[in-house]
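Just dropping this structure here.
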Amino acid sequence: MEDPLSYFWAFIFLIFLLYLSAVFSSSETALTSVSRVKLKEALKKGNKEEEENELHLFNKLLTVILIMNNLVNILASSVATLIVVGLFREFIPESVSALITTLILTFFILIFGEITPKIYARQNNEKVFNKMIGILIFLSKILSPFIKILVSISNFIIRLIGGKLVNEAPFITTEDILMYVEAGREEGIIKHEESFMLKRTLEMEVSLVKEIMIPRVDIVAIDESETLKEIMEIIKEEEYSRIPVYKDTIDNIVGICYAKDVLVFISERGTEIKDKVKVKELMREPLFIPETMKVSELLKIFKEQKVHIAIVVDEYGGTAGLVTMEDILEEIFGEIMDEYDQNENVGIKRLEDGAYIVDATIPINDLERELNIEFPESDYETLAGYILENLQRIPKVGEKIKIDGFIFKIVAASKNRIEKVLIKVVTKDGKEENGRIN
């Protein structure tokens, strides 16, 4: 390459290769940093001819980028070496020329072919992605045989190290969505209440019935031998529309009595039969579910069977609690108040000094939602369970317990259970703090 014009065109070709290096480097960053939802939509639009898994196509495009980027960088290194060796052959040994070329070209590739384009693509990922997606798909079709070989080798190595293959890994996971929701809340795009509802809806896929059920000790039920008069008194006093019916013991639930059925029956037969008709004559067949059932599965069952209440049983067949459609909805929307609940204490009462009096049986989920706080994850379901797990004994009335930045004062308790608790925040210096918990 003795002709000066040849060196000129070689230099122009080198500049072009550096440009291509920048293009493919920016494409790599854009491909890996663009929103996964938008990536999925764009990939579908750009690949209408093939019915292909989005992750397969994503990996194929990434392989194309890596092939092309390495190819142009190697080619640039070769061209630069030829130029420098040819120009300075008489002054510098070829080995020294090659070393100098490598150092200089590495600097230029880092600045103009890697760092700068990657930073630009990170800040303008959608713009770069939209410009390059068509070219990348076109190149993926041309290089398809090489890509298949490389991906097969890559999958083989992944299997050896125990990793998941593309078809075994979801394109967008629940964790990804939760991360986006949290980011949206922090940036003010999504309101706190909306963020909470979205999170709870997604978490229903892993939440268990035992986490939201009304525990056995709080179930209001009636024996099957009782009359309609007794159940009407319970309905009036407790203001429940559905009452579980048991035989001899609450571990033997035999039916559900609906207030609507009782009222219709009495209106048709007359009030004088209230003392004559037994509850078991009007009860409906109960729905039994295990306490380990997922909330999302229970919601499907409620919709399919058109029922709103289920009896939760433990592994031994005993009654663990009950759960209603309202309990599921409250997991998403928070406490739901109807016309009977206007003056009802939902279990949390705020005092003037900013502290809270809380029913110990309140579910941890409800407490976190109402007070905007978080408790460490464990097996407990209620505030009482949380305190007992940390204390390993039943506390006495008036006792104060400091746990995880809060002071819990036992306001009411019996020999075998905690009933009411006062909650206060603990400041960094260990003092009690007045004001809202948040």
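Cβ from N, Cα, C; glycine included.
Keep in mind the model is a prediction, meaning the values are calculated, not measured.
Summarising the annotation, TrEMBL assigns domain 'CNNM transmembrane' to 3-194. The feature domain 'CBS' is assigned by TrEMBL to 213-273, 282-339. For 6-26, 61-85, 91-112, 133-158, the entry in TrEMBL reads transmembrane segment.
Structural setting of the listed features?
Sequence-distant contacts of the transmembrane segment (61-85) (same chain, six or more residues past either end, CB-CB distance under 8 Å): 1, 7, 10-11, 13-14, 17-18, 20-21, 24-25, 27-28, 31-32, 94, 97-98, 100-102, 104-105, 109, 113, 133, 136-137, 139-140, 143, 146-147, 150-151.
Within the chain carrying the transmembrane segment (91-112), a Cβ under 8 angstroms from the stretch's Cβ atoms is held by residues 18, 21-22, 73, 76-77, 80-81, 83-85, all 6 or more beyond its ends.
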By Cβ distance under 8 Å, which residues at least 6 away from the ends of the transmembrane segment (6-26) in the same chain are close to it?
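Result: 65, 68-69, 72-73, 75-76, 79-80, 82-83, 86-87, 108-109, 112-114, 116-118, 120-121, 128, 132.
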Please spell out the DSSP helix, strand and coil residue counts for the domain 'CBS' (282-339).
20 helix, 16 strand, 22 coil
For a three-state summary based on DSSP, what are the helix, strand and coil counts in the domain 'CBS' (213-273)?
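Here the numbers are 28 helix, 21 strand, 12 coil.
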